[in-house]
Amino acid sequence: MSEEAAYQEDTAVQNTPADALSPVESDSNSALSTPSNKAERDDMKDFDENHEESNNYVEIPKKPASAYVTVSICCLMVAFGGFVFGWDTGTISGFVAQTDFIRRFGMKHHDGTYYLSKVRTGLMVSIINIGCAIGGIILAKLGDMYGRKMGLIVVVVIYIIGIIIQIASINKWYQYFIGRIISGLGVGGIAVLSPMLISEVSPKHIRGTLVSCYQLMITLGIFLGYCTNYGTKTYTNSVQWRVPLGLGFAWALFMIGGMTFVPESPRYLVEVGKIEEAKRSIALSNKVSADDPAVMAEVEVVQATVEAEKLAGNASWGEIFSTKTKVFQRLIMGAMIQSLQQLTGDNYFFYYGTTVFTAVGLSDSFETSIVLGIVNFASTFVGIFLVERYGRRRCLLWGAASMTACMVVFASVGVTRLWPNGKKNGSSKGAGNCMIVFTCFYLFCFATTWAPIPFVVNSETFPLRVKSKCMAIAQACNWIWGFLIGFFTPFISNAIDFYYGYVFMGCLVFSYFYVFFFVPETKGLTLEEVNTLWEEGVLPWKSPSWVPPNKRGTDYNADDLMHDDQPFYKKMFGKK
């Protein structure tokens, strides 16, 4: 039993919804960093076992869903940062096909027409990902220095500065390019701090759902971005692209205003000595009085956590490479999950959807993009339910398998049936419609599984002591792959057309096996329990059977989950 669990029992607190907050997790982090406490933890464990029957546990009660409306609205406001990024993704896909944008930032043919070269298109679309990667690593530290809430406000302001530079661009493509980099810095900070703050203020039994709302907001932003492009496409001047950019400015201001009503992370408040505010934050999230004994006990646990962290000193970058505490293994897993989210191929459709569906012969590819945006947004609601109903691991496995099937059909039809008489002799309408249908199936599978769940997994996995650093690195991997896919897609598509889909198919097959062998199930666990699961070295494919130490019966054998003398593949293919 961890030091925190022993402390909780000694203070008559066990398994409260507030355990889902990162501050609770941090005590386990301090235990990771101060192994000299082991003897003390063992003594406390013996004490608890001798007094377990006499303890009267105080817990913050689980309430009906209607009781969590306030915390849900607050988390949606934090998740609105995802809307900002989704808006950019949805609008840029249309900008590169709009006449005024091409005339201002493109190059001129000998016949007087304008065009965007593949290099310039790739850079203007994907460079925001480089800004995001840098911003996530550098600006996420603001959340540790000034609080998650103030850190979010600062990075949104940086995003606004980038938007202003883009709007002010007249005919210099590199000015627009610089503006997108600066906006990317802000979006990168948002992508780390938004899920982090949501996970720290959410009750444990709805944490996965509320963190998934970040992805829901991304899909809403993409959809409304598509709709705005459709509404401005008939204009022949800069209204085509400046109005969507101006609305992006307005959305960012709206988020800043909404953040004033969001509670700060209780852990940060305790760390800076604002105990009463920490009580109010926990009480607001769990719909109880700030004077409730369970809230007061929870704050005491957080205080003990903060003191333990201070004794251990500041976390260094070197700690993220610790294999003894399994931090490095978690970092590799988080980085892989975020990378594989991009390698599923979703941004192939989101960044270049308008261009792709022009290629399949559709007369109005902007309308098709709107349809895809609706499918993506509506499907994410299903994903919010699935993540808590079936768990993170099972959803990722089924998502990878179903997306593989959809991508095989999409690519095969594009390669063999789209141009029956050659690429220059027109496309088959039936084949094009088939590709659209399976693209919708693909987006449904993506939106319900691989779109929201990587954010959930990363927000739950890392010890609080190194959480901001690890989340920033993992998210940076996502952005870097986003840049590579966004930049090279025009070249690859031009060279191999829809054979490109087979590349994503291979990545999806790899994703399935990676999740099976390396991603544990964390559904229904507090952040501290997730930490214990990793410390115990539970095999990922056995993790759904894992039980936290304070809930185990006498017949529970934890060793059975830590090794597999005859795994399924040996049983299937080995000698009988």
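Glycine is treated like the rest: Cβ placed from N, Cα and C.
Features of the protein shown, as given by Swiss-Prot:
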- 25-37: compositional bias 'Polar residues' (COMPBIAS)
- 38-54: compositional bias 'Basic and acidic residues' (COMPBIAS)
- 1-56: region 'Disordered' (REGION)
- 1-66: topological domain 'Cytoplasmic' (TOPO_DOM)
- 88-122: topological domain 'Extracellular' (TOPO_DOM)
- 144-149: topological domain 'Cytoplasmic' (TOPO_DOM)
- 171-180: topological domain 'Extracellular' (TOPO_DOM)
- 202-207: topological domain 'Cytoplasmic' (TOPO_DOM)
- 229-242: topological domain 'Extracellular' (TOPO_DOM)
- 264-346: topological domain 'Cytoplasmic' (TOPO_DOM)
- 364-369: topological domain 'Extracellular' (TOPO_DOM)
- 388-394: topological domain 'Cytoplasmic' (TOPO_DOM)
- 416-437: topological domain 'Extracellular' (TOPO_DOM)
- 459-475: topological domain 'Cytoplasmic' (TOPO_DOM)
- 519-576: topological domain 'Cytoplasmic' (TOPO_DOM)
Study note, to complete from the structure: If one takes Cβ-Cβ under 8 Å and requires six or more residues beyond its ends, the residues near the topological domain 'Extracellular' (88-122) are 128, 169-173, 176, 183, 187, 218, 221-226, 228-230, 232-233, 235-241, 244-245, 248, 347, 350-355, 358, 365-366, 369, 373, 486-491, 494
Check your understanding: Of the residues in the topological domain 'Extracellular' (229-242), how many are helix, strand and coil by DSSP?
Key -> 8 helix, 0 strand, 6 coil
Exercise for review: Sort out the residues at least 6 away from either end of the topological domain 'Cytoplasmic' (388-394), same chain, that have Cβ-Cβ distances under 8 Å to it, and list them.
Suggested key: 205-206, 208-209, 453, 456-457, 515, 519-523, 540, 543-544
**Study point:** the topological domain 'Cytoplasmic' (459-475) [mean pLDDT, rounded to integer]
**Key:** 85
Check your understanding: How does the topological domain 'Cytoplasmic' (388-394) divide up by DSSP, counting helix, then strand, then coil residues?
Key -> 5 helix, 0 strand, 2 coil
**Study point:** Residue counts (helix, strand, coil, in that order) that DSSP gives for the topological domain 'Cytoplasmic' (144-149)
**Key:** 5 helix, 0 strand, 1 coil
Study note, to complete from the structure: DSSP composition of the topological domain 'Cytoplasmic' (459-475), residue counts helix/strand/coil, works out to 15 helix, 0 strand, 2 coil
